[in-house]
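Visitor: Dropping the structure in here first, questions after.
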Amino acid sequence: MAAGHASVAALPALHETPGLLGLSALGFNRAQSIAFLALLAALIVGPFFLYPVFLMKLLCFALFACAFNLLIGYVGLLSFGHAMFFGMGGYVTAHAAKVWGFTPELAILSGGAIGAALGVVAGWIAIRRQGIYFAMITLALAQMIFFVCLQAPFTGGEDGIQRVPRGHLFGIIDLSRDMSFYWVVAAVFLAGFLLINRIVHSPFGQVLKAIRENEPRAISLGYRTDDYKLVAFTLSATLAGIAGGTKALVFGIATLTDVYWAMSGEVVLMTLVGGLGTVFGPAMGAAVIVTMQNYLAEFGAWVTVIQGVIFVACVLAFRAGVIGELGRVLKVRL
Amino acid sequence: MAESILETEGLTKEFLGFVAVGDVSLKVRRGSIHGLIGPNGAGKTTCFNLLTKFLPPSRGSIRFDGRDITKMKPAEVARLGLVRSFQISAVFPHLTVLENVRVALQRARGGSFDFWRSDAVLRGYDARARELLEDVGLSQYAHLPAGQLPYGRKRALEIATTLALDPVMMLLDEPTAGMTAEDVDRIVALVKRVAQGRTVLMVEHNLKVVEGLCDTITVLTRGKVLAEGPYAEVSRNPQVIAAYLGTDPTISGGAGHG
């Protein structure tokens, strides 16, 4: 993807400084270690200052955007159908929690499982094509899933699945209070965030970067690049499913909104605003967009217009996104 | 005549009726440096793409090291030890020079699908990567993003990356294209050195390079083999002079690139 390259190209050449407090074991450099500690602090004190449901929503979208960034930022694949994993994850989690009586952790994992299953199939079909064709195939598949969700009996059509119980964590801890559930959501986000970071800084991640940089060359070195792309696509879809499932439990509802194509666009927007191919960018982008949607809600339809303006501004002037630009100013990689 | 390592029979590639490569039967002797020359559009790069399976042939067969590779995928061919370079310098621009080589060395682990493991395990390859960089004179650039290397150095890095796979046979697509004279000399020396114990097939426009390096050359024009043999013999072939060199080859020397 040209956009992906541009954002990376914008970063200065740096000697990596080792991380703090053993955080380099996670693949973080010094600046990233500081940013990570700040993120941890924000996760801990956040709910004491801000509305926990708002924060939980933000974290679900942050995880979704991080999962999306794994593809666009590190493999160079622009999926325009990630709503199918996010939305379907929501439906399956909601169904599992409400109808099957699953405990929340199992319900969320079911959301991840459906994301993985869909990811394998969609990925297998889509990665045979490059660039815009890849994006269009993922979009088409997502539209098919949307139609299924609209028609299938278990999704409740236009009504969605409502009054989904959060249940008891491991069958013991009651999560109906927002403050209790917040810690679960924070843990899910953190686990997903660290997993993605590990993927990026693994032998597998190294091959992904090689594929992003120059696929024919990676092939000529003997890598079956399609296999690597499929695994990355499936991992991303799994995490998107987990994010969608978690969101369904936060609000106790799974609806068509999350599986609609506009959601696929929104995650692109979040990742772009935050910074493609950066570790903290997608989460920051999600925070910006979700905050705007919440606090600018009084402007009604203008939120969409404001989002559009920000999107255009990002593409024209800040291609590296909030975190990318910040990294450039501070001359660090974030 | 020693045995050939790479053999094609009736290799043909047509694009919508246009014959890019027609009925090429090529034999590359094991341990030799074989040059593939010809004017622009002669089908040299297409030929390379066919040999490395980046393009499927319309007709004909390819045997490498006694094995029929006609129907194989490019990654499989690479795994057999037939490794190519590209005409446009093929490095991973945002990886460091060291990482570029390491990605190739990493192939020794087999598939790297272990996404749960820290990439610290790859540090085991650093020593070998540094050796390879030392070998092509890139040691001091090890931590620079490869994209920031000057052009000639990128080609050297590409060769180091290819060598990391310890290939049986290397296919070099215009290794000296667009280089300064100084860089050309360095690459020629490098190719000569690394060709020890391997087979090299190279496309090259610079006839001085071809003369200095290649044991055998094959001349392609319009997708067909026009002549084959040692440089001295082929360069005297009147057909070759007419079709390709145009003038006395000793005069047209370094200016063959058009």
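Each residue, glycine too, has its Cβ placed from N, Cα and C.
From TrEMBL, here are the annotated features:
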- A:31-51: transmembrane segment (TRANSMEM)
- A:58-86: transmembrane segment (TRANSMEM)
- A:106-125: transmembrane segment (TRANSMEM)
- A:132-154: transmembrane segment (TRANSMEM)
- A:180-200: transmembrane segment (TRANSMEM)
- A:230-255: transmembrane segment (TRANSMEM)
- A:267-290: transmembrane segment (TRANSMEM)
- A:302-324: transmembrane segment (TRANSMEM)
Visitor: Where else in the chain does the transmembrane segment (A:132-154) make close Cβ contacts, counting only residues six or more beyond its ends and a cut-off under 8 Å?
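Guide: Contacts of the transmembrane segment (A:132-154) (Cβ under 8 Å, skipping residues fewer than 6 from its ends): 77-84, 87-88, 91, 95, 99, 118, 122, 125-126, 161, 256, 259-261, 264.
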Visitor: Give the one range among A:58-86, A:106-125, A:302-324 whose Cβ atoms make the most pairs under 8 Å with those of the transmembrane segment (A:180-200).
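Guide: The stretch I would name here is A:58-86.
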Visitor: Taking residues 6+ outside the transmembrane segment (A:267-290), which of them lie with a CB under 8 Å of any CB in it?
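Guide: Answer is 3-4, 7-8, 28, 32, 35, 39, 54, 57-58, 61-62, 64-66, 68-69, 72-74, 78, 80, 82-83, 86, 193, 197, 200, 307, 310-311, 314-315, 320-325, 327, 333-334.
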